[in-house]
Amino acid sequence: MVRHRDEAIDAMLEPFYYQKHITEKIDTARDKWNLLPAFLKVKGLIKQHIDSFNYFLETDLKQIVKANQKVCSDVDQKFWLEYTDIRVLRPTRVDEEIQPHGGSTVTPHECRLRDMTYAAPIVVDIKYRRGSTIVKRKDIQIGRMPIMLRSRNCHLKGKNESELACMNECSVDPGGYFIVRGQEKVILVQEQLSKNRVIVESFKGVTQASVTSSTHERKSKTYVLIKKDRIFVKHNILVEDVPIVIVLKAMGIQSDQEILQLVAGADKVYQDQFLINFEEVMKDDIQTQQQALEYIGSRVKIMRRPVGQYHGRNYQQEAIEALSSIIITHVPVQGMNFRPKAIYIAYMVKRVLMAIDDPKLVDDRDYVGNKRLELAGQMLSLLFEDLFKKFNNDFKARVDKVLKKANRTNELDAYEHLKLHSNHITSGMDRAIATGSWSVKRFKMERAGISHVLSRLSYVSALGMLTRISSQFEKTRKVSGPRALQPSQFGMLCPSDTPEGEQCGLVKNLALMTHITTDDDEDPVRKIVFILGAEDISCSTGVEMYRDGAYIIFINGTPIATTMQPKRFLTGFRKFRRMGRISEFVSVYINHHQAAVHIATDEGRVCRPLIIVEKCRSRVTQRHLESMRKGMMDFDDFLSRGLVEYLDVNEENDSNIALYETNIQAHTTHLEIEPFTILGAVAGLIPFPHHNQSPRNTYQCAMGKQAIGAIGYNQQVRMDSLLYLMVYPQKPLVKTRTIELIQYDKLPAGQNASVAVMSYSGYDIEDALVLNKASCDRGFGRCQVFKKTNIPLSRNINGSLDIINAGLLDLTKEQHKKLDWDGLIMKGEKVTKGDIYALKQTPLNTTPSTLLRPEGASRTIQYKNAHPSYKLPVGAVIDQVALTSSESDITNIKILTRQTRRPELGDKFSSRHGQKGVVGLIAEQADMPFSQNGVCPDIIMNPHGFPSRMTVGKMLELIAGKSGVMTGALQYGTAFLKPRDPGVQSVVEGYGSELIKHGFHYEGKDMLTCGITGEVIPSYVFTGPIYYQKLKHMVQDKMHARATGPIALLTRQPTEGRARDGGLRLGEMERDCLIAYGASQLLRERLMLSSDQHTCDVCAECGLIGYSGWCQVCESSAGVRKMVLPYAAKLLIQELGSMNVRTSLKLVEEFPASKME
Amino acid sequence: MTQPSEAELAKRRFVEFTAETIKNTSATDYPGVYPGEDHSWNIDKFRDSFQVEFHETKAFVSSFSLIGLSAPIANAFRRILIAEVPTIAIEDVYISNNTSVIQDEVLAQRMGLIPFKIDDDLFKWLKWAPAKGQPRDYNTIQLDLEVNCEWFEDGKDKYKKAGERDPRKLYKNAHVYARDFVFKPVNRQMPFVNASNDRGIPSPVFPMHPELLIAKLRPGQVIKIKTHAVKGIGADHAKFSPCATASYRLMPKIDIIKPIIGADASKFARCFPEGVISLKPVTEEQAEDENSPYAGHEGEKYAVVADAMKDPVTRECLRHPEFTDKVRLGRIQDHFIFKIESTGQFTSNDLFVEAAKVLKLKCLRAKRAIQLMNK
């Protein structure tokens, strides 16, 4: 096995052994967490995406093609075409020859730079009929599939660090996203209610069991609900709700007794509850299956049929069709055997009856076990199947068209036609990922916002985006349920990482050790169920099913067998799984309330690994950890040896999991690998998060994504439209295990600042910070901002091209001084507002017609100047100039400008504890307080930030950091970290004694001397290093003022917004203040004179607006007066006029003549 | 006019540490003014009471005490040391070519921070550079940096055959150091080059730390830069600051009020860094004297203050209840222990003299202003 790809993680493994030597003893209680890096080594941080995509490429794609294998013609019955195989190759450029096994040199980075799509050809093998022969062809391209980075088809797969560097790729970058049209796109994880599972709900007094069936062909939702004590089946295809007894009778269960037993077993209470349903049916006099089918058939909505094939309705036929393939589609009806489906519906009824009897048995929709996470692979498979069907339809239509022609000169070769449509699939996939709107016609699905541009603000923000889960439903509903923290999220979803505001609680993030399952085959599982001695359910009666002690076994929500020994079955099943006879992701759990054993093999379940405990002993022992350290075992070995297993939420709920080895009791089944894995990657950056008030951790999760730092090892060759980099990023002094695991210490975003917590100068109120000027001089908080400008040389409709005309270069012109001989600006040149980037020209004539050209006019194209220029008020330096050509052969000149910024007043900084603040003052070093050793703080923070925020973690970070500085070691602030010495209460004690040793106070409080007066400050000041992040919000990007400037075309009012050099709005509320104050002249000035003052001629006679002293209506100039009014008012009058509303102005003398006398 | 007693004066000078606050940190609102007492300043009195003690004198690190000074004056020295004693540093950077991975601005900033030393004669001869205007020989030092990175002749062999990966062994100029700067004397600066100096290095301008890393290069990358260094002060930019740090602390004072004997004594000693407290056995005399607190403790150890100066502000002994009321910690308000770390242009001791000169100039300026005010 090639393992070189894991160099980075291997190296990471080292410090985890507490600097112990190989010969040292391993303490399982403390070192079992070593499994975590081992897990990540095998799984990777965002393996869910990659696994899902790989599954799609390997399995799902083939299944889709298998389901749509054959294309036949309606015209010529003899014609057929069959797909025998489908494969996705490795990514290529569009214009490259397809080589089935050959390598293309295309790299993801090339795609980013050239605005291409990182995609690979999809090829099929076909077999079809040409005339009388059967032709086989191989490797026919039917489209191109965007390839997820680091998936099995990606060129980056299996490359080591130096190989990646040669490809301009960062080795820390996790992959898991696509590059479409040069943009990095992530398909977010979508959270949904689980499919094919019965969910019992009680909503406004109606208790109902519903199931969303989903197969490749169809999606439908079926309800069994209770209305006025009677039970009905409800489905979209049915015009009205159908009584349950009729449905069951239609499915061939004609005897009332059998129905009652299937529905209620031998339970008298349920039987009594159900009896009324029979009475209802008696009224309609429906006894036989035929009658029932007739009844249902007459209530089936008319389906669209091909025109001309209407034969009148056959109710029985329609009912059978509806029951077999539309209602509860996921339970297959083979032949006319409705029994499994009848049992399923009866089971739904039973659940409803149970929920009525005991309202506690209603399911919780928010329970994580009832949810499924849809990943990139599934989303793409939905899309691909739709496109593939459309592709086949188009192909068929084309073939039909050709075959219809009576006299064809040559034999139809389907291959020729197949090739023609390949663009459809390519552009369909491209468009969906590029825009994020998924439209799947067969499910009538229209969803927007599935994919997003990968945020490259910092490494963490990219990582956070890849672990993000967005919720599909209930965005506007004002219920707290879906937003609340669910206890079942424990270990699966991060409790801290969620945005504030609108999306709060709906957008979630995966925890560190979660895995999301892909689909597993049901059949082998079913076999094992029967091997374990369960009885087939279709052979048992209702009484047998529901007798005391009998448990029904469900596979993916469908009852298939019963057993009398559920416990034995369960242990047996688990044993098989631990032996590796069944996939490790198949879960099994028992539900005593429903007397059911559930087995799940479906995709999208969240699960996580846990250590198995047997006989009160952890199965992972010292020996195993030792051999793992020696590299003899990896995580997969732990799995295959049955030491560790994956549990999904449902099974986890059925287990007894000990947090620490000391907590193991008689009934313990599993042991947690490491408690801090309940947090996600982003929340894992916080040191001592368990000491903070919980909202603070949530705030930090939002802010960590805005911190400026390093983006990736390839940050210098990237050309993003906006990129922030820190000049001297540092790894945090107080780190966490998560920081090491996600390699944040390799791409950090922040600096260790020496902080004094004291008040200083009054410019530090409301969380403002005081910065040391000397620190800023030396590079603290310095960052760079890269902005990209595109200069496309586009092709016009008449085929003429934009050009760069270097011939215009005239170095005597001041404007051209910064240009190179090629007419483009030079790298390294400083630019200020108005500087020309390139001598671009566009053709004067871009109209398509050439006929308009006057006779004798020269054929040379006339050009006009269209020189793009630097627009921002603050200058920059040209960092890079690149000429690229895209897939559509358009030359694009990309110019990257760079600004280097030192911190200034108003820049935003934040620690890792949700404590943000702006710079309020940059003080001289001489004015800063200094300690006994002469150390000046870099930052002074106001102590009022602490009491109300309760961020004790920040104080611990300071103390830990300070002791780390003194001892020269990086300290750990991992969540839930226990002190190593069992006799010590808390880790702080250790840090405190370390501080005392080095001549500091044990609480970290130092005596400082005031730099201004030179006297000792009369209180001790809490001083030490804290990791500070510089956030992307900088004053330079926000400051804005305007005296005069551009106005909007329509209203003639000042434009809005900084980007358009807009005015500052005096809004309604400000207006109210001025009115209340009585400042009428100020009001007049602000709202009219300084805005859209307009002078016009108004006719006093008719009240309409005239012009040039003339009233067109009165045809006189007698009453025309000059008037000043806001242009918007004049506009309103005219717009009303256009709607036939006459608005006349009544004029009154301002200074009436009578009064004057 | 009454004169306060010695004890009273000592009490006034004493800055006392308690567990949570520091008492008597400053003088009163009117420093040195007490009702009914004469504390008028007088040069003779000052000369008599003022003392200087040297603790450590190395070329670039020195430590000494100024005793009998008031805090504002001591602080003035500190502030001037940090911000107002001029040195030279690179101010303007003219980049002809920079193909390294470090961006121009960052490289320029790094260069600014390199501490350079120039010969004293040249330094004294140099004048301030005007904010705007042409650089002249009397105000600008030109330093050039021209580095080309390329493979060593045997580099490629080493890489392939020996598997050598250390860039410094493979490429010439893989690392650019401060020593790579070349001083380019112009016009009247020439004589200073030829002037004999005691270092045996012909250049009168050189980096204090020749091994200071500026950038890393790979074959094919070039840095070609011309820089102008000028005289400046730390208040303008930290790069001009002549000291790494200059600060002072007050002289610690530990008063053991009641004797600490036996196990307590050794615990007490452990509360301080080594050498602050020493343990002494109770002598026979002390033990026999019934009035002495040591009575009956003969042979046992008791704590004595050995070297208070070594005491940082751990205040550890205030944490333990057994020492309450037995010890008083504090500082002496008018005893300043200075520590000056120079970056190279001046030796640490000279630096203080330079600061004094600046202070004197400032005083003269103030005096002139006051005289003008009176006119």
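One is the number of the first residue shown, and numbering goes on along the chain from there.
Even glycines carry a Cβ here, placed using N, Cα and C.
Keep in mind that what you see is a predicted model, and the values were worked out from it rather than measured.
When pLDDT values are averaged over the domain 'RNA polymerase beta subunit protrusion' (A:44-427), the model yields 84. Residues annotated as domain 'RNA polymerase beta subunit protrusion' in TrEMBL: A:44-427.
Per TrEMBL, the feature domain 'RNA polymerase Rpb2' maps to A:187-374 (among others).
Per TrEMBL, the feature domain 'RNA polymerase Rpb2' maps to A:453-516 (among others).
For A:553-614 (among others), the entry in TrEMBL reads domain 'RNA polymerase Rpb2'.
Summarising the annotation, TrEMBL assigns domain 'RNA polymerase Rpb2' to A:635-667 (among others). Remote same-chain partners of the domain 'RNA polymerase Rpb2' (A:635-667), defined as residues 6 or more beyond its termini with a Cβ less than 8 Å from a stretch Cβ, comprise 28-29, 32, 35, 38-39, 41-43, 367-369, 488, 491-492, 515, 517, 577-580, 584-585, 587-590, 598, 600, 605-613, 616-620, 624, 628, 673, 675.
Residues or ranges marked as domain 'DNA-directed RNA polymerase subunit 2 hybrid-binding' in TrEMBL: A:682-1060.
Look at TrEMBL and you will find A:1062-1145 (among others) tagged as domain 'RNA polymerase Rpb2'. Summarised by DSSP class, the composition of the domain 'RNA polymerase Rpb2' (A:1062-1145) is 32 helix, 21 strand, 31 coil.
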Per-state residue totals over the domain 'RNA polymerase Rpb2' (A:635-667) - DSSP helix, strand, coil: 14 helix, 7 strand, 12 coil
Residue distribution over DSSP helix, strand and coil in the domain 'RNA polymerase Rpb2' (A:553-614): 14 helix, 28 strand, 20 coil
Per Cβ pairs under 8 Å, the stretch of A:453-516, A:553-614, A:682-1060, A:1062-1145 packing most closely against the domain 'RNA polymerase Rpb2' (A:187-374): A:453-516
Touch test for the domain 'RNA polymerase Rpb2' (A:553-614) and the domain 'RNA polymerase Rpb2' (A:453-516), at least 3 Cβ pairs under 8 Å: yes
Helix, strand and coil counts within the domain 'RNA polymerase Rpb2' (A:453-516) (DSSP): 17 helix, 12 strand, 35 coil
